[in-house]
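Student: Mind looking over this structure? Questions follow.
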Amino acid sequence: MTDRVIRVLVVDDSAFMRMVLKDIIDSQPDMKVVGFAKDGLEAVEKAIELKPDVITMDIEMPNLNGIEALKLIMKKAPTRVIMVSSLTEEGAAITIEALRNGAVDFITKPHGSISLTFRQVAPELLEKIRQAMNVDPRTLLFKPKVSRLTITKPAVSGKIVVIGSSTGGPRSLDMIIPNLPKNFPAPIVVVQHMPPGFTKSLAMRLDSTSELTVKEAEDGEEVKPGFVYIAPGDFHLGLKAQNGKVFFFLDKSDKINNVRPAVDFTLDKAAEIYKSKTIAVILTGMGKDGTKGAFKVKFYGGTVIAEDKETCVVFGMPKSVIEEGYADYVLPAYKIPEKLIELV
C-alpha cells in the first residue's frame, strides 16, 4: 500500500455519473480525481497525459467504447483499469472480455435511482481502487503463447481438479483451460469470485476457446470428466456422493471469507469425497480463500498447486497457501496445464 494519494481518472459519458464518482472518490483522504473523460478517445488521451494510478472506465460510451479504449490504453500507457459494468448479460460478456484484455477488476452499476444505489456500491469501489494499487500494470500485459497439450494414453483417473480464483482469475484461467485436451481424464471445477450472470459469461467465453465443455454447474448435476464446471455466482458449490456417483449441489448459506461462492467450501466437499485424488489449484486473488481448503486437501493426501507471482494480478490467495506450507508446486499459470496432465 502506498502513503501517497491515489490519482484517479474517471471515464463516463454521463456528466451526472462523473460527479457521483468524483464525490465518492474525493471523500477519501487517500485518493482524488485528477481528471475526467467523456468517451473512449478522450480516455486514451487523458491516460497518456495525466498518467493516473487508476482509471474507472464505463463500458458503454460513444466514439470509442470502454473495451476499445482499454486495449489502446494498455498498449500506449499501461494503467490499472477498473471497469464499471451494467448488470446485463451483454454488460457481463463485455466485462469478461475486458478482464482478458488487461482490466484489473470491475464493479457493477446497480439498477434503480443511480445516485442512491451507486452510493451502496461506493465501499466496494473504494476498496477496489485501493486493491488495484497492489497490481503492477506490466503484469496485466503478459500474454504467453501456449499451445494446446495432448494426452496420448488417456485413462479414467478418478481424480478431480478444483481451481479457485478471484481478482485476475479470468486471465489466468485463459492460460489454463483452453490449453487442456479434450480427453483430459478428470472433471474440473472452477470457483471464481463473481456475481450472478458474470459466471455464465465466463463459462461461455472459456467454452468458445476450449476443447473441453465449459458450463455453469447446476444443482443435482452429475460430475463427469470432459467438463469444466464454473460455480454460479452467489451460490456455494458443493459435491455429494450418491450410489457410486458424485453430484453437485448449490448452497445459499452464509458467505465464507466474505464471498459466495467460496473456494474453501468446494475444496472441503471435494476432498471429503475424492480424498488423495483431489488436486487443488489456487490462482490469483485478494485474501485467503482457498487456504483452509488447501489444508483439507493436504490432510487427505491430495495435491496443491499455487500460481506463481509472475502471472498473478494479485498475489494474495496463492501467497497465503504457499506461506502455510500447503503448496506442492508453485507455477506460473501457463505451466499449470502441463503439470495437471502429469498429475492426472
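Cβ coordinates are placed from backbone N, Cα and C, and glycine is handled just like the others.
Feature list, courtesy of Swiss-Prot:
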DOMAIN    7-124  domain 'Response regulatory'
MOD_RES   Asp58  4-aspartylphosphate
DOMAIN    154-344  domain 'CheB-type methylesterase'
ACT_SITE  Ser166  active site
ACT_SITE  His193  active site
ACT_SITE  Asp289  active site
Student: So for His193 (active site), how many other CB atoms are inside 10 Å of its CB?
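Tutor: Looking across every protein chain shown, the total is 25.
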Student: Hey, how far is Ser166 (active site) from Asp58 (4-aspartylphosphate), Cα to Cα, in Å?
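Tutor: Counting only the Cα atoms, the answer is 21 Å.
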Student: For the domain 'Response regulatory' (7-124), what's the model's average pLDDT?
Tutor: 91
Student: May I ask for the distance between His193 (active site) and Asp58 (4-aspartylphosphate), taken between their Cα atoms and rounded to an integer number of Å?
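Tutor: Distance (Cα to Cα, whole Å): 21 Å.
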Student: DSSP on the domain 'Response regulatory' (7-124): how many residues come out helix, how many strand, how many coil?
Tutor: 56 helix, 29 strand, 33 coil
Student: Rounded to a whole number, how many Å is the Cα of Asp58 (4-aspartylphosphate) away from the Cα of Asp289 (active site)?
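Tutor: Between the Cα atoms of Asp58 (4-aspartylphosphate) and Asp289 (active site), the distance comes to 29 Å.
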